[in-house]
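> According to Swiss-Prot, the protein has these features:
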- Ser13, Lys188, Thr189, Lys190, Pro191, Thr192, Gln193, Lys224: UTP binding site (BINDING)
- Asp71, Glu141: Mg(2+) binding site (BINDING)
- 292-535: domain 'Glutamine amidotransferase type-1' (DOMAIN)
- Cys381: active site, nucleophile (ACT_SITE)
- His508: active site (ACT_SITE)
- Glu510: active site (ACT_SITE)
Amino acid sequence: MTKYIFVTGGVVSSIGKGIVAASLGRLLKNRGLKVTIQKFDPYINIDPGTMSPYQHGEVYVTDDGAETDLDLGHYERFIDINLNKYSNVTTGKIYSEVLRKERKGEYLGATVQVIPHITDALKEKIKRAATTTDSDVIITEVGGTVGDIESLPFLEALRQMKADVGADNVMYIHTTLLPYLKAAGEMKTKPTQHSVKELRGLGIQPNMLVIRTEQPAGQGIKNKLAQFCDVAPEAVIESLDVDHLYQIPLNLQAQNMDQIVCDHLKLDVPVADMTEWSAMVDKVMNLKKKTKIALVGKYVELPDAYLSVVEALKHSGYVNDTAIDLNWINANEVTPETVTDLLGDADGIIVPGGFGHRGTEGKIEAIRYARENDVPMLGICLGMQLTCVEYARHVLNLEGANSAELDPDTKYPVIDIMRDQIDIEDMGGTLRLGLYPCKLKSGSKTASAYSNQEVVQRRHRHRYEFNNAFRQQFEEAGFVFSGVSPDNRLVEVVELSDKKFFVAAQYHPELQSRPNRPEELYTAFITAAVENSQAH
């Protein structure tokens, strides 16, 4: 029988529910259980694919091409699993499916209501996420906070699950903020009490509290919360602020969180062996070197827009025994006059993805600087496309060369729209999304990074591609197409073999990086940056 764990939040949002859920998932996986995890987002968008990065942060793409919440990146990195389209559910997605069924007459004339039709659809998504992955345990995080009007159907569905599958198969975990008032010199439990009262008013009695605190709460506070919120004192778990996120599973294990969960769900499984994880955390906290990486982006005011990129850089730093000193460079500020001042001390330069014209000329200037000064450079998605544009302009002397996305009237569209995208009008969910194979060129730096594999599978999110009408001209000038689709139609990776490391990929390698298994192209980039640093 599948076990269901539901994680809700109270008092404030952005309290770390996703990290708690992911950490618990890691602990349960290390007990030998097959775990999957999903996120419920109460907003009305179908998915975050068309949302501004300033609103939502990065869009995380799964193997099967779902555009999802960035929390799924945390889930995959912590638990080291590959999620699917059932792992992110929004209000918009549920309502659109229910309304489509209503239009097709599938409800046989019934009045379509929140209960039971919306709640049934939500419960179906929970069960599908478990059955499609054949999981022993599914953890479902509900976005937002208890009390939000948007969350009510989701919480009602969670309440009903207890009756549907039995109390021994369901556990409710509520995460809240435990604020410390410096002037009073004490922690305040009242916000948590009111949050739990609100949750209980909706028919859900939490079995565990996870309290987010800046400093240890003490047993007295835990006992008080246990008494007022009707949970066992040992089931009041602290989630303290830490230096590194990957410490959190160890901190939760030290408080027996996973054992309490297993006892409640009647799971008789071995204790989690976290030896390897602990060794990784110890290494992360004692890195011997520091490497300066310049990230040239257009959304740098909100680092969450590049969350997976940053994590992938860190992961590759771990295996190189180096901390990543990240310098956020606003692409709009990069000009021929400022580029040396902005990038002159960088050991490596990364140019990540994005959409739209703003900042692209600055990115092109950064790529030119990396090429001309032989600074290790990694381009991702739009960064790959602009690498081709830069080379066309400044090496092939194709004046005004550009992407057709950025300049539809360019004389030299070295980047053009994909053929199967030409007649598509909708923006949402219509990109080339998900896992696709990439055939590597033997002897290239890219193939070397991937241990000379012939084919790798990586996740994509794009609508434009390299224009093959220019391929011969590029190749004759020494530009290497080191990764292509198996049918040789789509350019996936480009590089300059005479540079320390000058590689750009159409796909998003960061989406498959893990702290204990860094992505190979990122690792090759950081290795080159470390060597460049030592050569200074």
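Positions of Cβ are set from backbone N, Cα and C atoms, glycine also.
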> What is the biggest Cα to Cα gap, in Å, among Ser13, Lys188, Thr189, Lys190, Pro191, Thr192, Gln193, Lys224, the residues listed as binding UTP?
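Greatest Cα-Cα span of the listed binding residues: 23 Å.
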> For a quick check of understanding: among the binding-site residues Ser13, Thr189, Thr192, Gln193, which residue's Cβ has the most other Cβ atoms within 10 Å?
Thr192
> Among all protein chains shown, how many Cβ atoms are found within 10 Å of the Cβ of Lys190 (UTP binding site), not counting that one?
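Total other Cβ atoms inside 10 Å, all chains included: 10.
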> I'm checking region-level scores; what's the whole-number mean pLDDT for the domain 'Glutamine amidotransferase type-1' (292-535)?
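That stretch averages a pLDDT of 93.
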> When the Cα of Asp71 (Mg(2+) binding site) is compared with the Cα of each of the recorded positions Ser13, Thr192, Lys224, Cys381, which one is closest?
Ser13
> Using CB atoms and a 10 A radius, I'd like the single residue among the binding-site residues Lys188, Lys224 with the highest neighbour count.
Lys224
> Specify the count of other C-beta atoms within 10 Å of the C-beta of Glu510 (active site).
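Step by step: centre on the Cβ of Glu510 (active site), count other Cβ atoms within 10 Å, giving 31.
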> Per DSSP, to which secondary structure element type does Glu141 (Mg(2+) binding site) belong, with helix, strand and coil as the options?
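Its secondary structure by DSSP: strand.
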> Want to know which recorded positions, from Lys188, Thr189, Thr192, Lys224, Cys381, are within 10 Å of His508 (active site) at Cα; which are they?
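Cα within 10 Å of His508 (active site): Cys381.
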> For Thr189 (UTP binding site) and the residue listed as 'active site, nucleophile', determine the Cα separation and express it in whole Å.
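Here the two Cα atoms lie 47 Å apart.
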> Around the C-beta of His508 (active site), how many further C-beta atoms are within 10 angstroms, looking at every protein chain?
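Counting Cβ neighbours of His508 (active site) within 10 Å gives 25.
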> My understanding is the cutoff is Cβ-Cβ under 8 Å with a sequence separation of 6 or more in the same chain; which residues meet that for Glu141 (Mg(2+) binding site)?
Val7, Lys17, Gly18, Ala21, Ile37, Gln38, Lys39, Phe40, Asp71
> Using CB atoms and a 10 A radius, I'd like the single residue among the recorded positions Asp71, Pro191, Cys381 with the highest neighbour count.
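Selected residue: Asp71.
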> Could you state the whole-number distance in Å separating the C-alpha atoms of Lys190 (UTP binding site) and Cys381 (active site, nucleophile)?
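Here the two Cα atoms are 48 Å apart.
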> Between the Cα atoms of Gln193 (UTP binding site) and Cys381 (active site, nucleophile), find the distance and write it as a whole number of Å.
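Here the two Cα atoms are 47 Å apart.
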> If you measure from the Cα of Cys381 (active site, nucleophile), which of the binding-site residues Ser13, Pro191, Lys224 is the nearest?
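Out of the listed candidates, the nearest Cα belongs to Ser13.
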